[in-house]
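Pulled from TrEMBL:
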- 2-9, 15-16, ARG54, 81-84, LYS92, 108-109: substrate binding site (BINDING)
- HIS3: active site, tele-phosphohistidine intermediate (ACT_SITE)
- GLU81: active site, proton donor/acceptor (ACT_SITE)
- HIS186: site 'Transition state stabilizer' (SITE)
Amino acid sequence: MRHGESEFNTANIFTGWCDVALTPRGVVEATEAGQVFLSCGVRFKVCYTSVLSRSISTAFRSLESAGVGWVDMVKDWRLNERHYGALQGLSKERTGERLGREKVMKWRRSFFARPPEMEPGHPHYDMIENDLRYRKLKADGGITKGESLEDTQKRVVAVWEDTIVKESCTGGEEGEEGDCVLVVAHANTLRALLMHLDSIEVSAIEDVNIPTAVPFYYDIDNKTGKVVDNKKPAGSFRGKFIYDDLKKRSFLERRRAAQDPWLWALRDDDVEEGMLNKKSLDEISIEEEASRNTKLFASNPSPAAKKV
């Protein structure tokens, strides 16, 4: 499951490793997902998340709502969202206007394209470099400064095979109560994982969208760690969305929104004067925009996120 709606999601900003919070809507989405787990009788023995707050909060709230808040949560940075490099903190729409929509869309959706690297001086650089949750990663070889989806897939598949499947699936008893494993991650990490599980071609991955907080599941063979054949051809999405009648409409709306980003677009009469920045596009530098967006939307810095 992808995390619930975040502050940067609703503002259409490149998020990456910026530790933004869930919106009130995102909290509701996570709670609704847990209610669906409960009503459908889905039981978990362990939950895996990234080390980013929006993933952790979504996992906790959904498990708590499902009545299994006691389930162990394993946090792994390899499930983090794709690192968007120098794009992080920038408006997707305005960056497309500045640099060209075709170039920006290639950075966003293609498998191989890597965005410009984040360099010292970027408002998020020190925030990530000095974050204690990445202390071991930094010591072991350094923190990435930007990733393609291909780069992201390598670490996601590694945690899937080395940890999730190895420790949670292989050797389990079929039909064992509570034998499901919950993975709560991010749009691009899940796109990368689906590409691996479903053998989706590079040319097709650009069209794969993951809606916020709509759970889906795969049947995984306990011995091989591979997807159990469900009569859908390899190369297509073989997961199954989980919902009940009460949440079906809400979930379907979010699936539509993943396909149609204009579904929730504001009309002119919805926009208040205070929501608009008075400076023109040309007057606001990239650095100023990223810094402003961070201050507006990032969650309150914890001691682990402060510069040391």
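Here the Cβ of each residue, glycine as well, is placed from N, Cα and C on the backbone.
Quantities reported herein were computed from a predicted structural model and do not represent experimental measurements.
Structure coloured by features recorded in TrEMBL.
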residue: ARG2; record: substrate binding site; CB count, 10 Å: 30
residue: HIS3; record: active site, tele-phosphohistidine intermediate; CB count, 10 Å: 29
residue: GLU5; record: substrate binding site; CB count, 10 Å: 25
residue: PHE8; record: substrate binding site; CB count, 10 Å: 26
residue: GLY16; record: substrate binding site; CB count, 10 Å: 26
residue: GLU81; record: active site, proton donor/acceptor; CB count, 10 Å: 27
residue: ARG82; record: substrate binding site; CB count, 10 Å: 29
residue: LYS92; record: substrate binding site; CB count, 10 Å: 21
residue: HIS186; record: site 'Transition state stabilizer'; CB count, 10 Å: 26
Closest of ARG2, HIS3, GLU5, LYS92, HIS186 to the residue listed as 'active site, proton donor/acceptor', Cα positions, recorded positions only: HIS186
Alpha-carbon distance [HIS3 (active site, tele-phosphohistidine intermediate); ARG82 (substrate binding site)] in Å: 14
Integer Cα-Cα distance in angstrom, HIS186 (site 'Transition state stabilizer') to PHE8 (substrate binding site): 13
Whole-number Å value for how far the residue listed as 'active site, tele-phosphohistidine intermediate' lies from LYS92 (substrate binding site) (Cα to Cα): 19
